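Shown next, in structure tokens, is the structure this report addresses.
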Amino acid sequence: MSAQWIDDKLESSARVQNSMKIEREDHKLEKRLCREVGRAIVDFNMIEEGDKVMVCVSGGKDSYAMLDILLKLQKRAPIKFELIAVNLDQKQPGFPEHVLPEYLAKVGVPFHIENQDTYSIVTRVIPEGKTLCSLCSRLRRGILYRVAGELGCTKIALGHHRDDMLQTFFLNMFFAAKLKGMPPKLVSDDGKNIVIRPMAYVTEKDLTRWAQVQNFPIIPCTLCGSQENLQRKQVGNMLREWDKKHPGRLENMFAALQNIVPSHLMDSQRHDFKNIKTTGVADADGDKGFDAEEFKEPKLPGHAVIGITPMTSG
Ligand code: SF4
């Protein structure tokens, strides 16, 4: 038995152990993704018995992952619902039009490809050098709403995740002076469709890893040559930086979006400040206006909510 033979054996055993560890981690990730998507669906009653859900797939990692997880949940859900994957081929130059149909046929989901040359419209209308995304997505939205009606879909599922929702919240605050986020479920602006975001609780980090595990055939959105929105990019970087330096901060901010106290903000439309009256009744949960607020360290991991003191109903 040579030293080389022993080294080789040790190395191969380390390799096996490492690959088993990766497999275990990936299995845990799959369970977490299913659990978080299932939890969002239940919390917001996103999918009901008999629904036909139009799953919008763009060829990006998020929509591939959404379809993948919804297909897994469909098999074990206590209710019956249909899924149909829909892709809008916007005719960007170089769009590999065979990729999605091949993938969707392989996973065995019913699908529809809608061919609409919005690329020509957008490049004709928007002056050179300006970002195309805003008009492009407006056109896309209108087309997808129409297609949902034509296909008889009762829900439209979009692949936005937790970090998209946080980004939108900060973008609205920084650049539109609004406390407004991206809802997990809403009625579309044409009043005819219910839009759902089943990945509301899923982190982008998990989706990036899942896309690697599943080896999704990703199609970049930037084929059209448009630049990513600079403000969104900046806010995304800010959030990633916070996540690195202050573990738990993103979880707390996300939990805060579900834990709003309008009486402690300043919007008179949401709270009738002008007509506030004393009640004469002591309330342990009432506002202790003179005390300084105390904040506890967040508990990790999970969506822990830090202790926030004065709180009245609102
Ligand atoms: S990157 Fe291109 S295809 Fe994607 S939204 Fe912007 S304009 Fe549309």
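Backbone N, Cα and C atoms are what each Cβ position is placed from, and that goes for glycine too.
Annotation source TrEMBL lists [4Fe-4S] cluster binding site at Cys133, Cys136, Cys224. In this view, Cys136 ([4Fe-4S] cluster binding site) is surrounded by 21 other Cβ atoms within 10 Å of its Cβ, with every protein chain counted.
Residues annotated as domain 'tRNA(Ile)-lysidine/2-thiocytidine synthase N-terminal' in TrEMBL: 52-216.
Taken from TrEMBL, the feature motif 'PP-loop motif' applies to 58-63. DSSP labels the residues of the motif 'PP-loop motif' (58-63) in these numbers: 3 helix, 0 strand, 3 coil.
Same-chain residues with CB within 8 A of the center of the Cys133, Cys136, Cys224 CB atoms, the [4Fe-4S] cluster site residues themselves not counted, are Tyr119, Val122, Thr131, Leu132, Ser134, Leu135, Ser137, Cys221, Ser226.
Here the Cβ of Cys133 ([4Fe-4S] cluster binding site) has 19 other Cβ atoms within 10 Å, regardless of which shown protein chain they belong to. Around Cys224 ([4Fe-4S] cluster binding site), a 10 Å sphere centred on its CB holds 19 further CB atoms from the protein chains shown.
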